[in-house]
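One structure is given here, and the rest of the page talks about it.
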Amino acid sequence: MTKQRQDAWSEENDLLLAETVLRHVREGSTQLNAFEEVGDKLNRTSAACGFRWNAVVRHQYEKALQLAKKQRKQRMRALGNGQPAKKRLLYQPPAVDPEIIQETAAEEPVKTETPSVENEQPLMSGEHMPFVDESFKEELASLSHLLSPQTPAAAPEMTMNDVIRFLQNYEGNHEQSSALKMENERLKKENQELQNKTEQLEAEVQKLEKDQKTIQEDYETLVKIMNRARKLVLFEEDEHASPSFKMDRNGNLEKLAE
């Protein structure tokens, strides 16, 4: 079946692409295999599906993709007893009828030698690729359809809606970054003002404590002076007090003891 280029992607197509990629990643397959399955279902090339995933759909399912990778690692560890397991492809593209290939070859006036699909391994085969970081392996698998010589070169599908969405996201991110920068500057200024006010209040508290100490010392000194004055007054009153006399039976005056 010849796959025709289609510019319009619907929400159902994006949802199918996301669900298929997440399922392949979660069950230990590759994103490239998921692109092939979606391409056959939607009559699109795997290159178009890969470009749509990386350019538009992926950023909407980033958390789900990370969760799927985590579940895949746990599943592989459980099946392989802690050893890294090889990926298995969940989807096998339908075989091409040999008669169609012969008819196509007969119509072409000149046929150049190309590597056989059966005899040549894919550029980034999940089974023969050396063990590297899983996320890096996924990125290589998603780009292998663009680098493989056996895949027909297909122009990336970019619609006007994709361009507008990208520019809107870019402008929104730029405005958000500017707003965050302004908010950061405002918070820094407010923090500096609060620090200055705190230092001012601390200085006032120290001054009040010093004044209170001075007042306390003056009060104690005043109390001491008042006590001394009171004692002095009592002493003078005792000195000036007139003596008391008492007359006995014989008519003599006797000074009373104080």
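Along the chain as shown, residues are numbered 1 onward.
Including glycine, each Cβ sits where the backbone N, Cα and C put it.
Keep in mind that this is a model prediction, so the values were computed, not measured.
Of all ranges given (175-195, 196-216, 238-258), Swiss-Prot attaches the label region 'Disordered' to 238-258. In the domain 'Myb-like' (1-57), the DSSP tally of helix, strand and coil residues is 40 helix, 0 strand, 17 coil. The average pLDDT computed for the coiled coil (177-218) is 90.
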